[in-house]
Amino acid sequence: MHVLGIVGAGATTLCDRLAAQLDGRVATVESLPESATEPESTDGVAAAYGLSPDGNWVGSGDDRDLDGLLDDLSAEYDYALLSGFPDARVPTVALAGVDAANVVAEAETADAADVASLAAEIDSHEPHVTLETLVERAKADPLEVYAGAIATFTGRVRAKESEDDDPTLSLEFEKYDGVAESKMDAISEELEARDGVLRVLMHHRVGVVEDGADIVFVVVLAGHRREAFRTVEDGIDRLKDEVPIFKKETTTDEEFWVHDR
């Protein structure tokens, strides 16, 4: 799922204009004042939903942050457009010079923004991918009718390797554009040549990934569990050994590139 934020006066209007230009399922997320999100009743429920016979639904709840919401959306939507989140670590369009954390385009007003250019811009950035994104992609594969197993691996940021270690606060990953993806595609194709292996999907996140967050995913669609388990293990081992991705570690005491150690 590709994500683009828009901040400044008219951000929500520009999100609506841009959504009409995108080819795929689009979700919009609007930043609301705290008072606007207070539930109408306090019946002790954490979430409330309404569902119509034709599949339309509404919902509200508590204890949700933007990253978690994007994770939930990523398996179902091709695009997410965010209105009014200047601190989000996503590519962002700034209107009228509004400050934001990651500005990739600017416009004086929402009406002056070139939506065709923004539609191309959103596709040029790293997508937001989760394990569920890849699992749903595997289930949608034409070969899934022959599959009796889906095996997955998720790598995450480990705070410590031993009790005496300085805690790791975050890892930052960088890669050469296109090179890492090409290598992962080649590994997947080689693993898919095995008997009983139908599809292999991989994704490695880039940028800053905080302690406890997910880093890398491997998903294997296979006829049976044995080839699925073997292939998911070989897949992550080969990804770590062969794909050129550079890692910087930030602990409570220091910051360093791991390949320099």
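Keep in mind that glycine also has a Cβ here, set from the backbone N, Cα and C atoms.
Per Swiss-Prot, these features apply:
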BINDING   Arg156, Val157, Arg158, Thr168, His224, Arg225, Lys240, Lys247, Lys248, Glu249  substrate binding site
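What Swiss-Prot annotates, mapped onto the structure for a quick look.
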| residue | record | DSSP (3 states) |
| --- | --- | --- |
| Arg156 | substrate binding site | strand |
| His224 | substrate binding site | coil |
| Lys240 | substrate binding site | helix |
| Lys248 | substrate binding site | strand |
*Determine the most Cβ-crowded residue among the binding-site residues Arg156, Arg158, His224, Lys240, Lys248, using a 10 Å radius around each Cβ and all protein chains in the structure.*
Lys248
